[in-house]
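Student: Structure below; questions to follow.
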Amino acid sequence: MASESGLNGDPNILEEVSETKRDKEEEEEVKKTEKKDEEHEKTKTVPFYKLFAFADSFDFLLMILGTLGSIGNGLGFPLMTLLFGDLIDAFGENQTNTTDKVSKVALKFVWLGIGTFAAAFLQLSGWMISGERQAARIRSLYLKTILRQDIAFFDIDTNTGEVVGRMSGDTVLIQDAMGEKVGKAIQLLATFVGGFVIAFVRGWLLTLVMLSSIPLLVMAGALLAIVIAKTASRGQTAYAKAATVVEQTIGSIRTVASFTGEKQAISNYNKHLVTAYKAGVIEGGSTGLGLGTLFLVVFCSYALAVWYGGKLILDKGYTGGQVLNIIIAVLTGSMSLGQTSPCLSAFAAGQAAAYKMFETIERRPNIDSYSTNGKVLDDIKGDIELKDVYFTYPARPDEQIFRGFSLFISSGTTVALVGQSGSGKSTVVSLIERFYDPQAGDVLIDGINLKEFQLKWIRSKIGLVSQEPVLFTASIKDNIAYGKEDATTEEIKAAAELANASKFVDKLPQGLDTMVGEHGTQLSGGQKQRIAVARAILKDPRILLLDEATSALDAESERVVQEALDRIMVNRTTVVVAHRLSTVRNADMIAVIHQGKIVEKGSHTELLKDPEGAYSQLIRLQEEKKSDENAAEEQKMSSIESFKQSSLRKSSLGRSLSKGGSSRGNSSRHSFNMFGFPAGIDGNVVQDQEEDDTTQPKTEPKKVSIFRIAALNKPEIPVLILGSISAAANGVILPIFGILISSVIKAFFQPPKKLKEDTSFWAIIFMVLGFASIIAYPAQTFFFAIAGCKLVQRIRSMCFEKVVHMEVGWFDEPENSSGTIGARLSADAATIRGLVGDSLAQTVQNLSSILAGLIIAFLACWQLAFVVLAMLPLIALNGFLYMKFMKGFSADAKKMYGEASQVANDAVGSIRTVASFCAEDKVMNMYSKKCEGPMKNGIRQGIVSGIGFGFSFFVLFSSYAASFYVGARLVDDGKTTFDSVFRVFFALTMAAMAISQSSSLSPDSSKADVAAASIFAIMDRESKIDPSVESGRVLDNVKGDIELRHVSFKYPARPDVQIFQDLCLSIRAGKTVALVGESGSGKSTVIALLQRFYDPDSGEITLDGVEIKSLRLKWLRQQTGLVSQEPILFNETIRANIAYGKGGDASESEIVSSAELSNAHGFISGLQQGYDTMVGERGIQLSGGQKQRVAIARAIVKDPKVLLLDEATSALDAESERVVQDALDRVMVNRTTIVVAHRLSTIKNADVIAVVKNGVIVEKGKHDTLINIKDGVYASLVQLHLTAAS
């Protein structure tokens, strides 16, 4: 808002900038309304009882037992005050045979200890177990509801990062709010009520006077809770935004690396962290202020009580024991009310976190895959009709896709949809799958409106194979099995056979059990597609939707898959979306779509009769390129070319669905792993990892010393020192309070005149203590909040920086997937804060309490002090054992939940695939399986913690009994006086209170150790190929000569599959080299190696004769411009995406001219917001062709010396393809260019064509030379194209 006051402050400025002011004000207005909306969002919470909406009867039983335990445990202290009053009178009134009387009271203490032990056990284990169970249920319900949402929800309301963030972060907050904290709150409440009941029974008059301070207490407490809740949700919002940055960056790490975008990602992330830091500090300061006020009120009410109590002893005949019983009962009662604040803040945070989650859980989508309503027929014929359909994508309501679109497809026929990129072809597929409903008009199957069918059933009759196949992080077998519930291995094998996948599957070390990696990154595009086809075959659908299904395959697999598809297309209604006209020739009907209208339809031969028709023009466009070749070849080429026309376009769902926000991350997420189309993979990756885990758990890489973590807080040392001083002051307050109490006890048994003077004096001292605490508390929490929040910010920032600079191979490991790392950054950093800041405060406070306690005790009576001290180790041992137990569990639980969140991450990222295969239940089963382990651990932890917790109370009360008994003996023997006994007792019990508080922190500190280990594992790992390293050579003038000498290479994640052995290739400056070969032969791996995503295992790669390892990495990557098969765009404006190529510093004119060069300017200007159009998560708001053009503009803007085109034009329709190819031809001039392609037209004109097979280059030369080698590999590849096309 500063900018606003700046504008309105100075009238001269106003006149000068009236124009800009108006714009700014408009912006401000927009910001304000956005801000208001956000604020509105921030403060929404659910009512507390609603947190338990998902409890079952067993949970209720546990919660009832827990509640009874909490009440019993809470009454322990008030009952103790009763015994305590008896003790004081026993000591104070009898100067002889004290021991007798005292021992009777001491025995009661022991019984009280036993009762409290049982109650505390019930309390903690009841609440911890029910909390764990309910949180698990909420997690799975949330995922279940997310999976049932309609696709529009994913386009508009959420993204993968947010879902995983909520599942890992918010459920922790919710669990915190309904687990042991509820028990603690009930316990404190019981103490409060019990204390006051006892006080009233013993002496109502004094109690009433003390009660006058309660309204003040309550007000202070309430204020505290409100402030905490407000600031907590503000911080969460900022962290959620930061989590999205992590997800985007890691999900597209190859793009980030290639465009040296690490700095940008880091500064973007840090921006969100700063906001969260500020919120955290405010939260800390306000908490302290609230606590300080509470203590001030408490101590002042003491002062009042002491003074008034003295009066009552003189006037009303109260005894000293009675007065103290009342004071302490009221004190424990009200103190316990003050201690509820951490519980209240946990409740508030949980309620805020639950709001968004529960809102989602209750959301009923318009298109509901779980709904059992709707028709279920015996079978369908498969007539499809779109009738007068009007449609816009929900995420882009102002761009009309269809206006009155109609199309009829009769059952058993094949209809092909052709047209330019973005014309709405794939939208037809989305509507038939019922991913969306049209705004007007109907989609009918067999004459019945699609909306009338039961969604799950109708989807089970429709098979979808799309352009970007989405696989799940599971084995190949599991992936195929998505096609059919409980498919047998035989059926799966048969489907793989039909889809021509069994050849490459059999070659893999684990066969069908090979893991495919996150989003199938361990397979090449062609391999992924064949598995997707097998999955559709297994489903045996009535209606088959092929959205560019064979585009990602090389000629050989394409031919066989096409055959497989032809086989399964028989007697099915088939809708084919294709750019490549060869794919569509044999269709029964071809419909040409242009700008959301059907402009022509008919069979191939019919449509060709009209030479001016749209179809003929499309054909002509595809054939123009070949006019320079002789007629025969032209004939052949047209077919190949068109055949390969989109050959690499990896996917369609994404693309054109993407037109409307589709494929939310489906593929593009990892697209670049396509780089090596590595043919095999390693199932080992995942399995081995599990085996390792038994020997050296990955979750606890190595123990991290607390000093190392503390070192991260070094810059805050001054703040920490101030905080520690305040904490020490806070620690001394309680023991001093003990001295005051014992002095008051003595005063109560003095002669009247002395009694009057003494009570007035001590009352004033109590008030002084109160004012000390209103200074010390806020100081402590404020300073520690600064240090703690800075630490969280620093850890997140350092870790993220480290992660972004890791070599690309690191991200191929399953435990470094974007979901897991996102969860690590968000949860672990916060947990570590507990270890340094918050528990340091607690530790300093406890130490100073203990030291002060000991000094006071030894000065009062050293014999008794030793006896009481002998008891303290018992209390400490109990605390220590408790810590040990807690430690055992949290490590595994963390890894297990990490695996579960990967399942969620996968499913949400591929929501269209999950929906079209009705795989929601399957995903849920996988998820619950992964959650079973952590669940059991949580329960075990609850039981063990309960025992530890109960035992500490038993020890506490027994040691009280022992110390008073010994004190009585000492008084009888004349070794000490009764007020000294109380001084020792109070000093040490206040210290013990401090100890028991610190053991209550233990769940946090044991989690923090594991978190620290996992964070430092990242920080300590040196990136093998680190772009942030500034050393290395920089060449002044890059010519662009590239040479690969004797290169051997295996992907680090798949050490058993050799990609290259002894590969040699030299590329002269300014020349264009095309790499061809089958899918999985390693063509894209060359590009990955040139950008140093990986380093070869042996051999070397040079640029202008200099080995690239010796060059500065960042500089090297700036010399290369990469345009790849699945372009990854960031969820920013088009302008920002293009500028990304130049590190975000490109000028407007550079951006526009690169867009013009890449033929993107035209469509961008046509968009409502032009260059300021947001492209959506992973660019889903643009069609594939549009995304690709933006990606080319991004590569061109950095003016690279070496251009790497990995199937760059494959996703475009003929027209854009031609123009982009022109653009590429223009920018290829004087640049060394490496082209990876399946399509012949793209590579024919290359200066050199290199054919890669079995990891070596088997042929190279110009097209004309290679085509004439008899039985040559190239010639046979070309021949394949021709036969496939004809």
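Any Cβ shown, glycine's included, is placed from N, Cα and C.
As listed in Swiss-Prot for this protein:
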- Gly419, Gln420, Ser421, Gly422, Ser423, Gly424, Lys425, Ser426: ATP 1 binding site (BINDING)
- 646-669: compositional bias 'Low complexity' (COMPBIAS)
- 63-349: domain 'ABC transmembrane type-1 1' (DOMAIN)
- 384-620: domain 'ABC transporter 1' (DOMAIN)
- 1042-1279: domain 'ABC transporter 2' (DOMAIN)
- Asn94: N-linked glycosylation site (CARBOHYD)
- Asn97: N-linked glycosylation site (CARBOHYD)
- Asn500: N-linked glycosylation site (CARBOHYD)
- Asn571: N-linked glycosylation site (CARBOHYD)
- Asn666: N-linked glycosylation site (CARBOHYD)
- Asn816: N-linked glycosylation site (CARBOHYD)
- Asn846: N-linked glycosylation site (CARBOHYD)
- Asn1131: N-linked glycosylation site (CARBOHYD)
- Asn1230: N-linked glycosylation site (CARBOHYD)
- 60-80: transmembrane segment (TRANSMEM)
- 109-129: transmembrane segment (TRANSMEM)
- 186-206: transmembrane segment (TRANSMEM)
- 208-228: transmembrane segment (TRANSMEM)
- 288-308: transmembrane segment (TRANSMEM)
- 317-337: transmembrane segment (TRANSMEM)
- 721-741: transmembrane segment (TRANSMEM)
- 764-784: transmembrane segment (TRANSMEM)
- 850-870: transmembrane segment (TRANSMEM)
- 871-891: transmembrane segment (TRANSMEM)
- 942-962: transmembrane segment (TRANSMEM)
- 976-996: transmembrane segment (TRANSMEM)
Student: Quick one: do the transmembrane segment (764-784) and the transmembrane segment (288-308) have at least 3 Cβ pairs under 8 Å, skipping pairs fewer than 6 apart in sequence?
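Tutor: Answer yes, regions in contact.
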Student: Using a threshold of three or more Cβ pairs below 8 Å, and leaving out pairs closer than 6 in sequence, do the transmembrane segment (942-962) and the transmembrane segment (186-206) count as in contact?
Tutor: no
Student: I'd like the number of other C-beta atoms within 10 A of the C-beta of Asn571 (N-linked glycosylation site), please.
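Tutor: 10, counting other Cβ atoms within 10 Å of Asn571 (N-linked glycosylation site).
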Student: Look up Asn1230 (N-linked glycosylation site) in the DSSP assignment and report helix, strand or coil.
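Tutor: Reduced to three states, the DSSP call for Asn1230 (N-linked glycosylation site) is coil.
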Student: Among all the protein chains here, how many other CB atoms are within 10 A of the CB of Ser423 (ATP 1 binding site)?
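Tutor: A 10 Å sphere around the Cβ of Ser423 (ATP 1 binding site) contains 23 other Cβ atoms.
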Student: Enter the number of other CB atoms within 10 angstroms of the CB of Asn846 (N-linked glycosylation site).
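Tutor: Other Cβ atoms within 10 Å of Asn846 (N-linked glycosylation site): 22.
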Student: May I ask which of the glycosylation sites Asn97, Asn571, Asn816, Asn1131, Asn1230 is closest to Gln420 (ATP 1 binding site) if we compare their C-alpha atoms?
Tutor: Asn1131
Student: Where Asn816 (N-linked glycosylation site) and Asn1131 (N-linked glycosylation site) are concerned, what is their Cα separation in Å, rounded?
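Tutor: Per the Cα atoms, Asn816 (N-linked glycosylation site) and Asn1131 (N-linked glycosylation site) stand 22 Å apart.
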Student: Given the transmembrane segment (208-228), which of the listed stretches 109-129, 288-308, 317-337 has the most Cβ pairs that are under 8 Å apart from it?
Tutor: 288-308
Student: Can you see whether DSSP assigns Gly419 (ATP 1 binding site) to helix, strand or coil?
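Tutor: DSSP call for Gly419 (ATP 1 binding site): strand.
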Student: Please list residues from the chain of Gly419 (ATP 1 binding site) whose Cβ is under 8 angstroms from its Cβ, counting only those at least six apart in sequence.
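Tutor: Set apart from Gly419 (ATP 1 binding site) by at least 6 residues yet with Cβ under 8 Å, we have Lys425, Val592, Ile593, His594, Ala614, Leu618, Asp1213.
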Student: Can you tell me the CA-to-CA distance separating Asn846 (N-linked glycosylation site) and Ser426 (ATP 1 binding site), as a whole number of Å?
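Tutor: Taking the Cα atoms only, Asn846 (N-linked glycosylation site) lies 66 Å from Ser426 (ATP 1 binding site).
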Student: For the transmembrane segment (109-129), I need the partner stretch with the highest count of C-beta pairs below 8 angstroms, choosing only from 60-80, 288-308, 317-337, 942-962.
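Tutor: Between the candidates 60-80, 288-308, 317-337, 942-962, the best contact partner of the transmembrane segment (109-129) is 942-962.
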Student: Out of Asn97, Ser421, Asn500, Asn816, Asn1230, give me whichever of these recorded positions has the highest number of other Cβ atoms within 10 Å.
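Tutor: Counting Cβ neighbours within 10 Å, the top one is Ser421.
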Student: Look up Gly424 (ATP 1 binding site) in the DSSP assignment and report helix, strand or coil.
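Tutor: DSSP call for Gly424 (ATP 1 binding site): coil, neither helix nor strand.
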Student: Closest of the binding-site residues to Asn1230 (N-linked glycosylation site), Cα to Cα, picking from Ser421, Gly422, Ser423, Ser426?
Tutor: Ser421
Student: Roughly how many Å lie between the Cα atoms of Asn97 (N-linked glycosylation site) and Gly424 (ATP 1 binding site), rounded to a whole value?
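Tutor: Pair distance, Cα basis, whole Å: 99 Å.
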Student: Rounded to a whole angstrom, what is the C-alpha distance between Asn1131 (N-linked glycosylation site) and Gly422 (ATP 1 binding site)?
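Tutor: Rounded to the nearest whole number, the Cα-Cα distance is 19 Å.
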Student: Return the count of C-beta atoms lying within 10 angstroms of the C-beta of Lys425 (ATP 1 binding site), excluding that atom itself.
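Tutor: For Lys425 (ATP 1 binding site), the 10 Å Cβ neighbour count is 30.
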